[in-house]
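Student: Sharing a structure below in structure tokens format, with a few things to ask.
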């Protein structure tokens with residue numbers, strides 16, 4: 001759809017609108033999102049659950065290759081987002097699925113919707129599962145790990161996973177997912193980033209303390225091939241692809257920021273922030289825990305300390321991370337809701353989702369309830385999470401934007417663009433294929 005507008009800037013649309021719907025600009029209001037709000041929302045999307053897996057990648061890659069891989073994925077992310085912004089501006093579509101539909105028809109549009117559905121719904125479930133683990137504990141290999149609430153108040157029905165997650169869903173997540181504009185989440189996104197920085201500050205202070213007392217671990221600059229194989233290195237890339245994969249939120253955020261140039265600036269600022277945060281967390285956590293670091297570094301903080309200060313820091317780390325995920329949840333839910341609405345309610349006679357209160361409320365509540373029920377019923381889906389970065393996320397982040405450039409329905413791609421697009425697809429398919437094969441055949445490496 002194209003908005004009836006009085007200036008070029010108002011070609012951006014409300015993110016919840018279906019591309020087929022046409023309403024006057026007065027009914028929707030002009031875009032008024034800020035660059036800072038876009039930076040907060042983009043950064044929050046990228047600094048999600050993936051930050052807890054970054055330190056383990058440093059153990060595999062070593063610090064120097066680890067930083068280079070983070071930088072490489074960030075650069076590819078910037079290129080593919082730029083592709084999306086250019087083709088959105090040249091076309092009539094205002095959603096990711098619509099943009100793919102312009103190039104590849106209904107099959108392309110459906111592919112995006114399915115990938116977003118699998119990715120975002122899976123990540124939302126994982127967020128709730130991690131929240132349950134942090135607050136209520138879990139059981140792994142016959143060993144029970146107590147959550148923060150159980151350590152404080154003992155094991156009771158009101159510290160159980162089902163009840164605690166219900167309270168979190170009702171009083172934290174529900175009010176946030178009911179917001180109809182993504183820019184309205186900029187303040188919670190800023191708090192979410194602040195909480196991630198709290199984790200980084202505590203981790204770095206503990207690392208410096210250990211360094212002064214001579215208790216830090218030796219750092220590995222390059223991979224130790226006596227411990228890992230070349231193929232093992234490729235299993236780290238999907239972790240960063242998942243972390244930097246905010247592409248499904250490009251259109252909702254762009255729609256409210258107004259100018260495409262502002263969106264490009266917000267993306268670059270966000271990528272710089274995330275590169276710094278990712279490497280800093282990986283460096284300090286690796287310095288602190290060394291080769292004993294776990295795939296989820298939060299487990300390393302879930303240790304009984306001999307000092308009150310140590311126990312307090314462990315609790316602060318876990319609680320700040322739990323709150324961080326709770327505030328990331330509505331951003332991921334936003335793009336999921338858009339795509340489900342597009343998938344189910346594609347009738348041209350339907351009003352925009354933001355203006356259709358019964359449809360908006362029923363869809364929002366259904367998603368939250370379903371996510372809660374699955375997270376309580378299936379408390380461990382880490383294997384599913386491992387494959388997201390190798391399959392659906394790599395499609396929406398790298399393969400689909402590059403394919404749009406190669407298809408070039410608007411005739412705007414140059415030879416340089418096509419070469420870059422081919423390189424991106426080869427990189428994405430190659431690394432993901434090797435990562436999947438290595439995960440399926442761990443003994444063959």
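Including glycine, each Cβ sits where the backbone N, Cα and C put it.
TrEMBL feature annotations, pasted as is:
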DOMAIN    33-435  domain 'Amino acid transporter transmembrane'
TRANSMEM  38-58  transmembrane segment
TRANSMEM  64-85  transmembrane segment
TRANSMEM  106-130  transmembrane segment
TRANSMEM  162-179  transmembrane segment
TRANSMEM  191-213  transmembrane segment
TRANSMEM  225-248  transmembrane segment
TRANSMEM  269-289  transmembrane segment
TRANSMEM  321-340  transmembrane segment
TRANSMEM  360-378  transmembrane segment
TRANSMEM  384-406  transmembrane segment
TRANSMEM  418-440  transmembrane segment
Student: Applying the under-8 angstroms CB criterion, which one of 38-58, 64-85, 191-213, 225-248, 360-378 scores highest with the transmembrane segment (162-179)?
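Tutor: Answer is 360-378, with the largest number of Cβ pairs below 8 Å.
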Student: Going through 38-58, 225-248, 321-340 one by one, which has the most CB pairs that fall under 8 Å from the transmembrane segment (418-440)?
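Tutor: Looking only at 38-58, 225-248, 321-340, the most contacts with the transmembrane segment (418-440) come from 225-248.
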Student: Pairs of Cβ atoms less than 8 Å apart decide it: which stretch in 64-85, 191-213, 225-248, 269-289, 360-378 has the most with the transmembrane segment (106-130)?
Tutor: 360-378
Student: Can you find at least 3 Cβ pairs under 8 Å between the transmembrane segment (269-289) and the transmembrane segment (360-378), where each pair is 6 or more residues apart in sequence?
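Tutor: When sequence-distant Cβ pairs are counted, the transmembrane segment (360-378) does not touch the transmembrane segment (269-289), since fewer than 3 lie under 8 Å.
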Student: Cβ pairs under 8 Å only, please: of the recorded stretches 64-85, 225-248, 321-340, which one is richest in them relative to the transmembrane segment (38-58)?
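Tutor: By Cβ pairs under 8 Å, 225-248 leads among 64-85, 225-248, 321-340.
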Student: Which residues of the chain, 6 or more past the ends of the transmembrane segment (321-340), have a CB below 8 A from one of its CBs?
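Tutor: Beyond its ends, the transmembrane segment (321-340) has Cβ neighbours at 15-16, 41, 44-45, 47-49, 52, 95-97, 112-113, 116-117, 120-121, 123-124, 127-128, 130-131, 134-135, 148, 168, 172-173, 176-177, 179, 182, 185, 188-189, 191-192, 195-196, 199, 248-249, 252, 298, 353, 363-364, 367-368.
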Student: Against which stretches of its own chain does the transmembrane segment (191-213) lie, if we need a Cβ under 8 Å and a gap of at least six residues from its ends?
Tutor: 40, 43-44, 47, 51, 273, 277, 280-281, 284-285, 287-288, 313, 316-317, 320-321, 323-324, 327-328
